[in-house]
Amino acid sequence: MNLLDLDRQALKRLFADLGEKPFRATQVLKWVHQRRVTGFEEMTDISKALRARLAERVALRLPEVLAEQVSEDGTRKWLLRVDGGQAIETVFIPDSGRGTLCVSSQVGCALDCSFCSTAQQGFNRNLSTAEIIGQYYVAYDQLTGTGEQITNVVFMGMGEPLLNLEAVIPAVRLMTDDDAYGLSKRKVTISTSGVVTMLERMREQTDVSLAVSLHAPNNALRDELVPINRKHPLERLIPACAAYIADKPHRRITWEYVMLDGVNDQDHHAHELARLLGDIPSKVNLIPFNPFPGARYRCSPRGRILRFVRILQSHGLTATTRVTRGQDIDGACGQLVGKVQDRTRRQQRLVQRELRREGR
C-alpha cells in the first residue's frame, strides 16, 4: 500500500486496525505532506515499534521525474513516470500573486474530444490517489528555491476526473486538509466534459470549484466536438451543473469554450450560448485553440474571439479570454500527451479515419 493513497479518513482506519488512536493520522499527515519526510524512521514523535509496524504495511512511493521543461513565460512542465512505466504530464503556471498546478487524473483520456491532443493518445488506466497527490508532492519539491509556490490546483491535465472519482476525491481531501496542503476549496477546481451521473456523486462528496468543458452551445455541434454529449446531452448537463452550486452562495460555474475557426465561433453561437446558460451564475472562459500534429482545426482569429466576448457580455455574462501559457513546451490546454500505451486502439482508428478522408 502506498502511503500517499491515504487521506485522513483512510489513515484513521489504518491506525484503528493497528489498535492506535486517531490522532496518529494527524501526525503522519504532517510528517509526509508538510515536513516532506519519506521514511518512517524520521517520524520521531512515533514510537519505534509503531514505525516498524507501519513499515510492514505501507511505503511511500513518488512518481519519478523523467524530464522538466521551462517555457519562456515561466510555465513548467514535468514528465512523470507512474506505476507500470507509463508517463503523465503535470504543468505549473505562474502568474502575478498565484501559481496554478494543472494535474492529470488518467493515463491518457477515456474520452475522445476531437480538438484535444491528449484524447488522440488513447487511454490506458486511471491514476491512483497516490499518483495524483504525488504530482503535487513532486511539483512542490521541484519549485523549492524558485520563489514560486502552488496556490491553486486545477484538474485539467490528462484525463476525465469524474471517471476516476474514487481516486480524485481522496486527493482533493489531502489538498484541502489543513494538516497536509491546506488549500481553500475555492482554490481547487475539478474540470469535467460532462459526466452527469458522476457530477451528482461529486456534489455529494465535495464542494470544490467546478469547470465544465462545454465548447458548443447545442447538442448537434457538441456531439461532434465532445462525443460524451451523446450520452449526457445538454438538457441533462446544464441542470446538473446548476444544481451543483445551488446551495453554494457566491459560487459560479466556469464554462470552458475552445475557439475553433469557423466551427463554433460565429455570432449566432455566442447568442445561443448565452441563452443556454441563462441565469446560472457563470464565467465563460474562451480558450484559443492550441494546435497539435494532425489537428484538423485552426484557432479563431483574435478579432473573432474578442467579438464573441463582447456578445456574451452584452447578455450580462462574465466572459474572458484565456492567455495561452506554455505553448512553446506543449504545455497549453489540450496539448498534454505523456507516454500512453493505448488500450483503446484510438490512435489506429484515427489514422484509418484520415486515410478514408484522403481517399487512400
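Cβ atoms here come from the backbone N, Cα and C positions, even for glycine.
Since we're looking at a predicted model, the values are computed, not measured.
In the record from Swiss-Prot, residues Gly159, Glu160, Ser213, Leu214, His215, Asn290 bind S-adenosyl-L-methionine; the candidate from Ser184, Ser191, Ser314 listed for the same site is Ser191. Taking the Cβ of Glu89 (active site, proton acceptor) as centre and 10 Å as the limit, one finds 26 other Cβ atoms among all the protein chains shown.
For the binding-site residues listed here (Cys109, Cys113, Cys116), the lowest count of other CB atoms within 10 A around the CB belongs to Cys113.
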